[in-house]
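Per TrEMBL, the features are:
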| type | residues | note |
| --- | --- | --- |
| REGION | A:1-28 | region 'Disordered' |
| COMPBIAS | A:1-15 | compositional bias 'Low complexity' |
| TRANSMEM | A:47-65 | transmembrane segment |
| TRANSMEM | A:85-115 | transmembrane segment |
| DOMAIN | A:89-293 | domain 'ABC transmembrane type-1' |
| TRANSMEM | A:127-151 | transmembrane segment |
| TRANSMEM | A:163-186 | transmembrane segment |
| TRANSMEM | A:226-253 | transmembrane segment |
| TRANSMEM | A:273-296 | transmembrane segment |
Amino acid sequence: MPETAQPDAAQPDAARGASALRTPAQRTGAEGTIRDDLGRGLNLRQLLVVVYLFLLVGWPLWRVVQETFFSGENYLVSALQDPAIQYALQVTLAATAWAVVLNTVFGITVGILLVRYEFPGKRALSALLDLPTSVSPIVVGLSLLLAYGPIHGVLGGPLFDLGIRLIFSFPGIVLAVTFISLPLVLRAVVPVLQEVGTEQEMAAKSLGASGFQVLRRITLPSIRWAAAYGIVLTLARAVGEFGAVVIVSGGVVGQTETATIAVQRLHQGFETGHAYAVGFLLALIAVAALVIVTILRPSEKR
Amino acid sequence: MTPTTSPSSAPDSRASAPEQATSRRGRGVGSGRRGRGLRTTLNLPASAALGVSVLWFSLLVLIPLALVFVAAGEHGLGYMWEVLTNQQTANAIRLTLTAAAAATAVNIVMGTLIAWVLVRDRFPGKRLIELLIDIPFALPSLVAGLVLLSLYGPGSPVGIDVLGTPYSVFLAVLFVTLPFVVRTVQPVLMAMDEEVEQAAESLGATRATNFRRVVLPALAPAIAAGATLSFARGVGEFGALVLLTGNRPNVSEGAPIRIQSYIEVDNTAAAASVAVFLLLVALSAILVLDLISRRVSRHA
């Protein structure tokens, strides 16, 4: 993270290089003063971008590292020894695993259906599939509560009578994180399915491969990097979900508390160091996911 | 996460020819695409897969969301209006809309500038900037609030404390919506031909004219799309507000926080009323985005 300031230092060089590139065009009709203005302009806009991002993202992130490790003790170690925090992390990871599995199956299935088949209502379905990421998380929580809540729930009431409890228990958390990350694998897979076309699949079929064989040997391998990209996004989103989860989980410590809910509890209970430590862990997962995604992105284009 | 790719851009026509070729072989996959209306190319396994997928999607997403509308209309439109005009709720909605609009305005300027710098300029550390842009996407929004609080909260090293002020909502929204305009403008800027600008320049256009008459019109649809996403996200943002704003009623309480308080006192009808309002904003954002992307693809 200390490299945040690095582009700053390298500024003059870059600006000089860029203005040097433009000089031939400038020489045709402009005097030296304009060229100088241009050089300064370039410098200024890069500086503006770097300072803006440093103040909005870079510095705050660095503060979390400071608060976690350099404000008295190593809060990460003591946070990880707290059984309640350990449990919250386990709940988060388990729910995330469920969301990844469910959304990968759903995303690849629906992706293939949307790209390879024609059916009535396809356009509407495709548009609706973007809803989960556009809806406010708090509304997601409310909607699941209204559907599956043990008291008010339209479907949850009858299920509760059968002894099945979804909301205020682990399945509710799974529903919430699956909901908010639903289209991420789908949206990663669709462009690649369109790109690779159907030639190989057709060739395999003409050679006598069954539908299932084509799927397993041709289609799935061709989208594996795109799917991996979508899975990483799903994972990052599911690990960090708060709004939807806080409504449906009940947030009982040691039972239905997820990592993000634990951050809120610790912060409000003035265990600031531990709150920052768990926050740091979640941020670390987010940044790791981003790095993996940037590595995957080019291979997806190839 | 790439908002520019139109969600429903139909499968390319390239696919149809080979598909028709095999349908002659009797595999029953592509039976021609002439009839766009009710024609289907689904075979039995595909139909089954579609059925299960739609059922799951309905149970998980569509039915619950529909129930929010039902709950909002439970006591009639009069009640809904009463909730939305309740002083504290109205203030929360006003604050959320203002903050989202203000953050979107900043994003339009800064997002375009950042995209410009990332595409047109070369400098060391560019990859780090790219990473910083995406962090608000990946960072849990609750943690985003905590992160901002460490720098702009009580005990701030820069002497700015937004806790309990309306600016906290603006700051939270500004952080979480940072990537939208950048990421929608960037690909358009990459695809743009610099020759047009050079031609304009050689014809005597100043830099300002060039930007206003050549660059901006080409970027406008992408900027609009990014702004729509940014506004919709800003209106619905919840996690980042929880720790950062202090949630003082009428001062720094956003609409999503209001929904949560309604849920906590078990007033789901009131919660749903505010939620429907937020949903309508999100839906109209999707519609605007779809219109824009369709217009762009028609011109392309």
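Glycine residues also receive a Cβ, built from the backbone N, Cα and C atoms like all the rest.
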When counting Cβ pairs under 8 Å to the transmembrane segment (A:163-186), the leader among A:85-115, A:127-151, A:226-253, A:273-296: A:226-253
Positions on the same chain near the transmembrane segment (A:273-296), where near means CB under 8 A and six or more residues out: 61, 64-65, 67-68, 71-73, 75-76, 78-80, 82, 85, 88-89, 225, 228-229, 232-233, 235-236, 239-240, 259-260, 262-264, 266-267
Residues from the same chain, set at least six apart from the ends of the transmembrane segment (A:226-253), whose C-beta lies under 8 A from its own: 84, 88, 92-93, 95-96, 99-100, 103-104, 107-108, 136-138, 140-142, 144-145, 148, 167-169, 172-173, 175-181, 184-189, 191-192, 259-262, 264-265, 282, 285-286, 289-290, 292-293, 296-297, 300
